[in-house]
Amino acid sequence: MRRVILSNPRGFCAGVVRAIQVVESALEKWGAPIYVKHEIVHNRHVVDDLKRRGAIFIEDLKDVPCGEKVIYSAHGIPPEVREEAKARNLFDIDATCVLVTKIHSAVKLYASKGYQIILIGKKKHVEVIGIRGEAPESVTVVEKVEDVANLPFDIHVPLFFVTQTTLSLDDVAEVTQALKARYPHIITLPSSSVCYATQNRQEALRAVLPRVNFVYVIGDVQSSNSNRLREVAEKRNIPARLVNSPDHISDEILHYSGDIAVTAGASTPEHIIQSCISRLKELIPDLQVEEDIFTTEDVVFQPPKELRT
């Protein structure tokens with residue numbers, strides 16, 4: 001008999017729940033259309049559902065008619081976007097994750113104090129673009145350990161570092177170690193920039209890996225935290241697949257023996273996770289499902305003031 005070990009926490013985090021509720025509440029309060037800058041979260045199922053309900057996802061504010069309402073995605077935006085929205089008389093609502101906003105504020109503060117900011121993250125990720133926009137002349141993005149050796153700062157330059165919220169804890173630890181080795185005086189926030197949900201999902205998966213021979217991460221290919229979950233398994237030599245629907249689960253799993261771990265990125269709906277479990281049961285009729293609870297999450301973020309009742 002084979003088992004699926006269902007990692008917990010998995011799926012939606014508080015920031016994703018808040019962001020989706022912002023769009024839903026705006027549609028309920030004002031009706032369609034509601035414009036959203038960038039995908040509200042990186043999950044095709046969520047985005048397609050909101051499109052059906054009247055949300056219009058855009059990348060350029062020029063696609064929003066003057067005077068209309070626009071929501072900023074959970075990933076955050078650079079300040080210039082707010083300025084453009086104001087100039088075009090748009091009614092903007094900010095669904096940026098509270099934990100991303102914290103990093104924006106820290107970058108702005110330390111740049112104003114004369115620090116050079118090291119931002120650990122993926123240069124092209126929308127979250128990193130938004131954070132860097134707070135102080136573009138002061139922020140240098142570092143993606144990997146090798147980048148640290150190429151930094152131009154000498155030991156007399158005041159340095160502060162933060163990270164993208166959805167990175168691999170393994171990668172962050174390696175880059176942080178390299179930064180501190182080269183710049184012992186570098187400082188950072190009192191708590192990790194990697195968000196609680198990213199940490200919990202990675203650590204929960206790590207806890208079950210010794211018991212499994214294969215991992216499914218349910219999440220969108222665009223989702224940074226979903227990709228990092230896949231890497232957590234692969235770095236420990238456990239085969240892993242990132243899938244976003246039951247249609248992506250093939251009979252490949254029949255070529256592997258032993259138990260299977262299932263986890264999901266922070267923007268993956270629970271009903272998609274359960275449909276993937278059902279697909280596995282079709283392929284393996286005697287499959288048993290076991291929940292592994294690493295920790296419980298009770299974090300709730302308040303909606304923007306424009307949508308509070």
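Glycine is no exception: its Cβ is also placed from the backbone N, Cα and C atoms.
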Practice task
Figure out which of His125, His185 sits with His42, His75, Ser223, Ser224, Asn225, Ser267 in the dimethylallyl diphosphate site per Swiss-Prot.
Solution key: His125
Problem - Residues that sit under 8 angstroms from Ser224 (dimethylallyl diphosphate binding site) by C-beta distance, when 6+ apart in the chain - result: His42, Lys122, His125, Glu127, Gln164, Thr166, Leu167
Exercise for the section: Report the member of Cys13, Cys97, Cys195 (the binding-site residues) whose C-beta atom has the most other C-beta atoms within 10 angstroms. Expected result: Cys13
Fill in the blank from the handout: Cβ neighbour count (10 Å, all chains) around Glu127 (active site, proton donor) is 24
Problem - Residue, out of the binding-site residues Ser223, Asn225, Ser267, whose Cβ gathers the largest set of other Cβ atoms within 10 Å - result: Ser267
Problem - Cβ within 8 Å of the mean position of the Cβ atoms of Cys13, Cys97, Cys195: remaining residues of the chain near [4Fe-4S] cluster - result: Ala14, Gly15, Val16, Ala74, Val98, Leu99, Val100, Thr165, Thr166, Tyr196, Ala197, Thr198, Ala266
